[in-house]
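Colleague: Got a structure here, written out as structure tokens. Questions coming.
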């Protein structure tokens with residue numbers, strides 16, 4: 001685009017590379033010296049930083065330079081001339097355009113992630129009368145509280161973002177006493193779920209504090225999204241224009257993104273269900289992309305009959321036939337699911353013989369699976385970690401329920417066998433060379449009996465281990481830690497094979513893909529990364545959350561990854577291209593657990609607010625809310641056929657919910673999807689099938705065995 005060209009030409013001219021400049025100019029057909037004089041002036045204005053205000057979406061592709069001098073720009077005013085800006089970038093609500101003039105170079109960058117602080121803050125450089133701020137705000141408050149009920153609920157959403165921006169504007173312009181009294185007068189009116197954000201805000205009392213503050217930058221760079229009906233919006237606009245209340249109107253235009261829909265305004269309950277995240281609700285556009293939520297077709301192969309059956313047939317003297325025996329899941333998935341991604345959409349590892357054997361075992365187990373339902377609840381087997389003075393921080397159980405791993409705060413990873421079969425390592429190289437490679441039981445012979453034990457301890461991390469995950473084939477184990485690394489361990493030798501370094505900060509969670517090979521990690525640096533076991537660099541980086549990525553989960557078809565974050569949103573990412581295809585808002589606290597339903601259609605999420613929310617992935621809608629827990633929900637798991645959802649919490653209980661009933665007869669008509677008018681049942685108690693208390697053990701992990709026995713795990717706490 002022209003702007004970048006201009007910047008490059010500027011740079012060439014400065015560096016006295018006349019020939020290159022001429023060639024580029026001829027190529028680009030930019031002749032003459034008038035290549036955007038306005039950019040030239042910005043460039044030469046000083047080695048500081050000049051900032052240009054971001055355009056509200058839909059205001060065309062031109063950016064007007066902000067008049068008035070800016071901090072760090074040598075005190076010179078910016079030119080008024082419009083700066084042309086590439087189409088799609090202009091409508092992005094994130095980031096302004098910062099033109100930096102450092103070290104004699106100019107680059108036009110659309111800043112998404114970590115904008116230059118002074119450039120970001122300079123947008124607060126306005127000339128409102130500080131003494132009138134309280135009057136403006138209380139005027140608006142009075143107007144909203146006196147408006148009709150149907151509009152009041154929607155317009156009340158404005159209170160919080162306006163409060164924050166007006167406070168920050170006062171602080172930035174060094175009206176400290178006014179800012180303090182403004183904060184004290186109105187902070188009590190904000191919704192209770194913003195308390196944590198307000199605590200951070202109350203500590204910003206001087207302009208200098210705003211420089212390195214992350215919360216502050218999030219607020220400035222990501223526009224706060226409000227979803228309001230057209231009628232309510234017109235009412236607000238009329239009120240602000242009649243009052244000539246420019247201060248508030250400027251903030252609305254500059255810092256808020258109002259997603260207007262046609263139709264009935266939403267009720268207080270409907271709004272309350274959806275708000276609460278750091279940047280307001282998700283835009284409706286964010287949840288429009290098509291998502292292939294169906295399952296991939298199972299590979300078909302013959303399943304030999306059990307030995308007993310074969311003997312029975314032989315007694316009658318008939319030749320024994322190997323009937324192909326498909327399991328119930330296999331037979332359903334013969335037809336390609338219309339919502340499934342193409343089989344080769346992302347490259348998946350091929351099945352090894354051992355995987356096929358495991359699938360056969362799985363099918364035999366599935367044939368004996370208990371059908372769960374409200375009448376037939378699962379038995380729950382609770383593994384309590386006793387004397388876990390090292391501090392249990394993560395648990396995982398293998399798919400066949402044969403091993404349990406615990407990650408601990410003393411940086412160890414401990415693996416237990418939960419079957420009578422002990423854990424054994426492979427023999428040393430010298431001993432292996434003596435083995436007869438051709439014998440039938442070679443796999444048995446390579447194991448060293450002397451190493452057999454119920455528990456193996458893996459040392460290697462240098463900080464608490466926050467996440468663990470077994471590979472589907474049970475050959476590998478992942479662990480992630482506060483030390484910023486993810487480690488891959490071999491369960492054949494019980495040694496560390498690789499340390500993946502990419503996160504510079506603590507890594508909170510990691511998980512293997514259901515097909516193995518790929519895995520995902522998420523951490524304090526606000527991004528999730530997708531890795532393959534044989535690459536030491538991540539394959540994809542999923543950036544977009546405004547706070548720590550606290551939990552990560554693969555979709556059953558491995559084409560998507562869900563991440564939960566401390567910004568109180570859940571995002572669904574496409575593994576193929578790294579795009580964010582869904583943003584779910586509604587939790588009032590950091591998200592700590594995610595679970596996909598076995599059919600891939602639904603997602604359940606749990607957070608510190610003690611609520612489990614249910615989402616329809618295809619329509620991008622919240623479809624249920626399960627209330628009952630009184631503390632953070634750290635574990636969620638659907639039963640193998642998806643009839644029951646189990647949730648485990650810090651309140652020392654496991655609760656079972658009727659998933660079939662929760663997801664039946666959903667209203668997902670076009671109107672609901674277009675406007676987000678969701679109608680959640682008032683009471684989720686009729687979905688609650690049972691509550692099971694432990695003595696004093698918070699539940700950290702849940703797992704359904706292949707026959708639908710529910711395993712739970714946690715460390716006994718003596719308080």
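Glycine too: its Cβ is placed from the backbone N, Cα and C atoms.
Because TrEMBL annotations are produced automatically, they should be read as predictions rather than curated entries.
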Colleague: Which range is it, out of 193-247, 248-302, 303-357, 358-412, that shows up in TrEMBL as region 'Disordered'?
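Modeller: Checking TrEMBL against the ranges 193-247, 248-302, 303-357, 358-412, the region 'Disordered' one is 303-357.
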Colleague: What stretch in 385-426, 542-583, 584-617 has the biggest tally of Cβ pairs under 8 Å against the repeat 'WD' (458-493)?
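Modeller: Comparing 385-426, 542-583, 584-617 against the repeat 'WD' (458-493), the winner is 385-426.
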Colleague: With a Cβ cut-off under 8 Å, give me the same-chain residues at least six positions beyond the ends of the repeat 'WD' (385-426) that come close to it.
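Modeller: Residues packing against the repeat 'WD' (385-426) from afar: 358, 361-362, 432, 446-449, 451-470, 472, 474, 477, 479, 481, 483, 489, 491-494, 700-701, 703, 705-706, 709, 711, 713-716.
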Colleague: Would you list the DSSP helix, strand and coil counts for the residues of the repeat 'WD' (584-617)?
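Modeller: With helix first, then strand, then coil, the repeat 'WD' (584-617) has 0 helix, 20 strand, 14 coil.
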Colleague: What mean pLDDT does the predicted model reach across the repeat 'WD' (542-583)?
Modeller: 93
Colleague: Are there residues at least 6 beyond the ends of the repeat 'WD' (542-583) whose Cβ is under 8 Å from a Cβ of it, and what are they?
Modeller: 112-113, 218, 222, 276-279, 282-283, 286-287, 289, 291-296, 340-341, 345-346, 348, 508-515, 518, 520-524, 526-530, 589-596, 598-600, 603, 605, 607, 615, 617, 620
